[in-house]
Every structure is written in structure tokens, then in C-alpha cells.
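Shown next, in C-alpha cells, is the structure this report addresses.
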Amino acid sequence: MAAMRKAVPRRLVGLASLRAVSTSSMGTLPKRVKIVEVGPRDGLQNEKNIVSTPVKIKLIDMLSEAGLSVIETTSFVSPKWVPQMGDHTEVLKGIQKFPGINYPVLTPNLKGFEAAVAAGAKEVAIFGAASELFTKKNINCSIEESFQRFDAILKAAQSANISVRGYVSCALGCPYEGKISPAKVAEVTKKLYSMGCYEISLGDTIGVGTPGIMKGMLSAVMQEVPLAALAVHCHDTYGQALANTLMALQMGVSVVDSSVAGLGGCPYAQGASGNLATEDLVYMLEGLGIHTGVNLQKLLEAGNFICQALNRKTSSKVAQATCKL
């Protein structure tokens, strides 16, 4: 494959003077949004070519420099299942730990949790789903059985004073079951919250959701779980990620997952774009007058760095618009 020409980020003209649009007809938007950067874990885990440990460490350090307050760093899963995450201990120990920044890691089981804690993890994440078929095909058990597995992690985490974040996959649709009942999403979310997850991220795993579906799902979940404990994780498969995120913001959600450069494809839709690009999210939020604490220019540099390392173009529209290829 021919080497890509190096992309040179241009300085964003007038970013600091972006005027907040009128939000009178949009409902009350949060004044501040916490962005959970998932690129180093969710974005890289399905890359076919192994990304070197130094590159992963530099990416995370650059994201820290950009001001992201939460950076999901790696996954303590067996290298047999996810070879890309085989260097999890080296990555977690090798990154600079910036004051005020959290570096959670994914721990699918108790063994992974114990390894993560031994490596210095202060926060972990667990993955559930609102679809029985997805759960069966993904981790070979029922939703109820998955809760039993999570219970061991949550009890160990409580004893070790480790915070646990929960994920609910297929919140807006499933590759196997199709439509998912909002009541089912609410049920699974409520269970994770009652078990001790301080925050639950509701994921549109295959990116089929629309703002209308997002509104219906969140309305059901918000009846069971405090709004402050909810986050959204949108995929852009059908170009709906920003629209769905905006709907969630209008409903009061103030925590959003995203991935630098839009890293992370949708494994169930061949060739489809994956995670919401952090650059695009930050640009939208800044334009709405919502504080993020993120330096967009430094974020663009981090995205450019990892795209060069992967020899691919960015999926971020903002990065595409502000770079000379």
C-alpha cells in the first residue's frame, strides 16, 4: 500500500469566537459536558494490524494534553480473544497520569479485573447488553447470567474502592433481534445501577438509532435511573451520531462517549463508519456554548498522529475540513 501523504492540521480560524446558537427552541442544554474518550480502547481493539505499545502510549498522552478528563485506556481481556489489547499492562503503566484525569479500563471478567488492579487501574468498565441474542453470541450466556458474572467484579471493586462504569450495548437496535424495547434497556440499566455502577453508557452499537428512537429509549430509562448516572455512546453508521447525541443533550444527558478521529468500525455493518468522532463532538459543543475543557487544536493533532500511525484517513469531518491532505 502506498504511504499516505502527511496531513498538516491548519489552525481553526475563529474557533475562540464561535458564537453560541440560540437554544430557546431546543430545551435546556447542559452548561458542561464530560467527554469519555474511548479511542485507545474501543477505537483500536478491532484494528487488524497490531499498533505498537509506544504509539498507544503517545496517543493517550496527547489526548491527556488535549484536556480530555476521561480516557478509556485499554482492555484487560485475553490476548487470545483480542490480540490488539495484549499489551494492556504495559500501556496502563507506561502512560503519564495527569492530575484530574481518569484512565478507566475494560474488564470483562474477575480475572481481568484483578489484573487491572494489579497494574494500577483506579476505575474499570463492564459490558452488558439489552439483547439476549447479542449477549449469547458475544459472551455465550444469557443477560441474567451476565449479571452474575458482573456481580463478582462489582463486589471485588467495592472492596478495593474501585469505581465501575457500566455499558449497555444494543440500546437502540440489535444486529440479531432488530428493534429493542426501551423497557428492556431500562431494565438492564436499572440492574447495573442497583449493582453499583456509578455511571451507565447507553450504546447504539450498530448505529441504527435516530433522534426519535433515542428520545423514546431515554424517556424509559430516565424513569428508572437518575439522569446524572447516564451517558450515551453513538455510532455513526447511518450518519445519525451527532443528531442522536444532541437529542440526548436536550433531554439532560451531560456525559458523551466518543473516539478520536472516529476510530472504531461497526463489525456488523461492512465498511460502515463507527464511533462518533471526538473532534466533531467538541466542535458542536463549542458552537452551542457548552464547556468541554478540551483544546480542539491539540485534539486534532492527536487524531492526525494516530491516523498517520494507522496509515488511514480520519473519519472526523472537522479534521477533514481543517487539514490539507
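Cβ from N, Cα, C; glycine included.
Among the features that Swiss-Prot reports, transit peptide is placed at 1-27, with the record citing similarity to another entry.
Per-residue confidence over the domain 'Pyruvate carboxyltransferase' (33-300) averages 96 (mean pLDDT, predicted model). Annotated domain 'Pyruvate carboxyltransferase' per Swiss-Prot: 33-300, in sequence order, evidence recorded as sequence analysis.
A helical conformation is recorded for R41 (substrate binding site) in the three-state DSSP classification. When other Cβ atoms within 10 Å of the Cβ of R41 (substrate binding site) are tallied across all protein chains shown, the result is 27. Residues or ranges marked as substrate binding site in Swiss-Prot (evidence: similarity to another entry): R41.
According to Swiss-Prot, the feature divalent metal cation binding site maps to D42, H233, H235, N275, an assignment based on similarity to another entry. When Cβ atoms from all protein chains are considered, those within 10 Å of N275 (divalent metal cation binding site) total 29, not counting its own. In the three-state DSSP classification, N275 (divalent metal cation binding site) falls within a strand.
Around K48 (N6-acetyllysine), no same-chain residue six or more apart in sequence has its CB under 8 Å from its CB. According to Swiss-Prot, the N6-acetyllysine annotation covers K48 (among others).
Swiss-Prot lists K48 (among others) with the feature N6-succinyllysine, giving similarity to another entry as the kind of evidence.
Sequence-distant contacts of K111 (N6-acetyllysine), defined by Cβ-Cβ distance under 8 angstroms and a gap of at least six in the same chain, do not exist. For K111 (among others), the entry in Swiss-Prot reads N6-acetyllysine, with the evidence type similarity to another entry.
Under DSSP, K137 (N6-acetyllysine) is assigned to a helix (H, G or I) in the three-state scheme. The Cβ neighbour count for K137 (N6-acetyllysine), using a 10 Å radius and every protein chain shown, is 12. Taken from Swiss-Prot, the feature N6-acetyllysine applies to K137 (among others), supported by similarity to another entry.
The N6-succinyllysine annotation in Swiss-Prot covers K137 (among others) and rests on similarity to another entry.
Per Swiss-Prot, the feature N6-acetyllysine maps to K179 (among others). In three-state terms derived from DSSP, K179 (N6-acetyllysine) belongs to neither a helical nor a strand segment and is classed as coil. In sequence order, G173 make up the list of same-chain residues 6 or more apart from K179 (N6-acetyllysine) whose Cβ falls under 8 Å from its Cβ.
Taken from Swiss-Prot, the feature N6-succinyllysine covers K179 (among others).
The active site annotation in Swiss-Prot covers C266 and is backed by sequence analysis.
The N6-acetyllysine annotation in Swiss-Prot covers K324 (among others).
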Can you grab the distance from H233 (divalent metal cation binding site) over to R41 (substrate binding site)? Cα atoms, rounded to a whole Å.
14
Give me the CA-CA distance between H235 (divalent metal cation binding site) and R41 (substrate binding site), in Å, as a whole number.
15
Give me the CA-CA distance between D42 (divalent metal cation binding site) and K137 (N6-acetyllysine), in Å, as a whole number.
19
Around the divalent metal cation site recorded as D42, H233, H235, N275, what other same-chain residues have a C-beta within 8 angstroms of the site's C-beta center?
V38, G203, D204, T205, C234, D257, S258, S259, G264, G274, L276
Take the Cβ of H233 (divalent metal cation binding site) and count every other Cβ within 10 Å, whichever protein chain it belongs to.
26
What DSSP gives for K111 (N6-acetyllysine), in three states, is helix
R41 (substrate binding site) and N275 (divalent metal cation binding site), Cα-Cα, nearest whole angstrom
12
